[in-house]
Amino acid sequence: MIQTLAFYLFAVLTIGSGAITILARNPVHSVLWLILAFFNAAGLMVLVGAEFIAMLLVIVYVGAVAVLFLFVVMMLDIDFAELRAGFVKNFPLGMLVAVVLLAEIILGVGAYRAGALQLGTPDGTASAAVGLSNIEALGALLYSRYLFLFEAAGIILLVAMIGAIVLTLRHRPGVRGQNVARQVYRRAEDATINTRPEVGAGIKL
Amino acid sequence: MTDFFMGLGMSYEWAWFVATVSGILLIAFPLMLAVALIIYVDRKVWAAINLRRGPNVVGPFGILQSFADGLKVFLQETIIPSAANKGIFLLAPIVTFTVALAAWAVVPFGPEAVLADINVGLLYILAISSLSVYGVVMSGWASNSKYPFFSAMRASAQMISYEVSIGFILVCVVLWAGTFNLNEIVLAQKGHGLGFINGYFFNILLFPMWVVFFISSLAETQRVPFDLTEAESELVAGYQTEYSSMSFALFWLGEYANILLMCTLNAILFFGGWLPPVDWEPLYAVPGIVWLLVKIFFFFFMFSWVMATVPRYRYDQLMRLGWKVFLPMSLIFIFVISGYLMATGHFA
């Protein structure tokens with residue numbers, strides 16, 4: 001009973017906040033609604049018994065990716081008139097994306113009706129791996145059967161990261177950086193001298 | 001607790017509901033009281049190190065100072081800047097406060113005294129504490145003012161940087177304990193050091209990780225060497241600049257609840273949580289929550305001590321420490337620790 005109630009709560013909120021994400025006028029509001037959608041999706045994951053995925057969804061998407069989104073969007077200076085002018089121009093492209101998404105939904109419904117995929121049910125009785133916790137089950141699969149794919153995904157991410165760094169790296173000459181090791185190793189004897197100059201003679205530095 | 005309420009003649013559903021609600025209240029109310037008192041402690045420790053007296057007027061030894069401050073703030077007028085984005089402006093302190101309270105759901109106060117004993121407890125805490133940045137970012141943007149905005153940008157960069165190394169440190173602890181459940185992590189530390197010291201800190205591989213974790217938790221809660229988000233010399237009061245009255249107080253309470261949470265995490269992950277410091281039978285006669293509170297208080301004292309001692313970091317130094325020192329170090333320790341555990345057959 002309470003699982004069904006929770007399922008409908010999360011599902012309605014996910015779809016609702018997803019809709020407001022694209023309808024909101026203010027891009028910052030859009031990102032905040034998107035975060036609510038992520039959050040409710042994590043709730044749905046908990047309901048099907050995938051608590052590890054749910055937590056990762058919150059940590060990675062809500063805790064890191066959406067923060068970066070918000071970081072960028074906050075600094076945007078958006079001209080709404082310009083955005084609306086683009087609407088007519090991009091309409092065919094938008095329709096294409098809509099058709100693709102609709103086809104995916106129909107395919108998804110078809111797959112659901114075929115009943116081949118058994119993930120779990122909204123009432124909380126998930127068909128989890130027997131006798132294993134979520135994390136153990138995932139680890140046992142990732143590090144044995146899908147080891148190559150897992151490592152390949154890691155390599156791809158590494159390459160993407162290096163690419164992003166190379167693209168944005170600039171060497172600026174004349175920047176006075178801080179060399180912490182040098183500061184730490186500097187002793188009082190290196191920096192100060194103790195002399196007793198004659199009157200009027202001065203000292204050489 | 002559900003059994004207790006069922007004993008009073010309730011049906012299972014009602015007993016569960018009442019037990020959960022009373023569990024939440026049992027954590028939230030003492031936590032609020034603790035926050036009020038810990039602010040007083042913070043000011044007293046700070047004052048003592050500065051050779052001042054600190055709050056000493058309201059109540060005996062000034063112990064009621066925080067309550068007087070709370071009352072004052074409660075009676076003030078809430079001012080909302082006319083150019084602010086009203087909804088998000090009001091939502092931001094609520095987010096900060098709620099998130100600071102929500103993380104306490106999985107904290108074990110004793111062998112049985114835990115509200116939600118879930119398998120992914122540590123991940124839950126990581127997930128919830130990564131949300132605390134939203135309070136700052138939302139308030140900074142919604143205030144529609146320069147200083148809060150700078151503060152919001154600094155906060156989002158800072159929190160992401162230090163969360164990465166915190167995540168890796170938690171992986172080290174989880175590798176050793178073999179579980180994400182906080183209660184089981186505490187139990188795994190029983191007699192860890194030389195067979196009688198309860199705690200992962202007494203371990204040559206995990207002690208450096210504790211040091212990094214402690215410094216990262218200072219950064220995560222925006223305490224003093226890393227309090228760039230509310231650097232009063234540059235940013236007035238950072239993201240709180242435009243806030244007044246209760247909305248300001250909610251930030252205040254949320255911030256200190258987060259600090260207490262980080263102290264608790266230090267105690268649970270590295271210092272044996274509700275276990276006594278040494279594995280000696282008579283010490284177990286003292287209830288576990290007392291040991292946990294003593295440890296939390298010790299770590300809070302260290303937080304205050306740091307605050308009274310060190311100057312603020314510069315922004316580039318903060319980034320350097322997070323990305324160039326802590327991140328490689330915690331990565332190397334993951335390799336070393338998993339290698340050691342494999343070599344000694346810990347996983348078998």
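Each residue, glycine too, has its Cβ placed from N, Cα and C.
Features as listed in TrEMBL:
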| type | residues | note |
| --- | --- | --- |
| TRANSMEM | B:14-41 | transmembrane segment |
| TRANSMEM | B:88-109 | transmembrane segment |
| TRANSMEM | B:121-141 | transmembrane segment |
| TRANSMEM | B:162-180 | transmembrane segment |
| TRANSMEM | B:200-219 | transmembrane segment |
| TRANSMEM | B:256-276 | transmembrane segment |
| TRANSMEM | B:288-309 | transmembrane segment |
| TRANSMEM | B:321-343 | transmembrane segment |
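When Cβ distances are compared across the two stretches, the transmembrane segment (B:14-41) makes contact with the transmembrane segment (B:256-276), since 3 or more pairs at least 6 residues apart fall below 8 angstroms.
A contact between the transmembrane segment (B:288-309) and the transmembrane segment (B:256-276) is present, since 3 or more of their C-beta pairs, 6 or more residues apart, lie under 8 Å. Counted as Cβ pairs under 8 Å, contacts with the transmembrane segment (B:321-343) are highest for B:162-180 among B:88-109, B:121-141, B:162-180, B:256-276. Taking every recorded stretch in B:88-109, B:121-141, B:256-276 and counting its Cβ pairs under 8 Å to the transmembrane segment (B:162-180), the highest total belongs to B:121-141. Residues 24, 27-28, 31, 80-81, 115-118, 121, 124-125, 128-129, 131-132, 134-136, 138-139, 141-143, 182-183, 186, 239, 242-243, 246-248, 250-251, 253-255, 257-258, 261, 264, 268, 273-274, 288-289, 292 of the same chain lie 6 or more positions beyond the ends of the transmembrane segment (B:88-109) yet place their CB under 8 Å from a CB of it.
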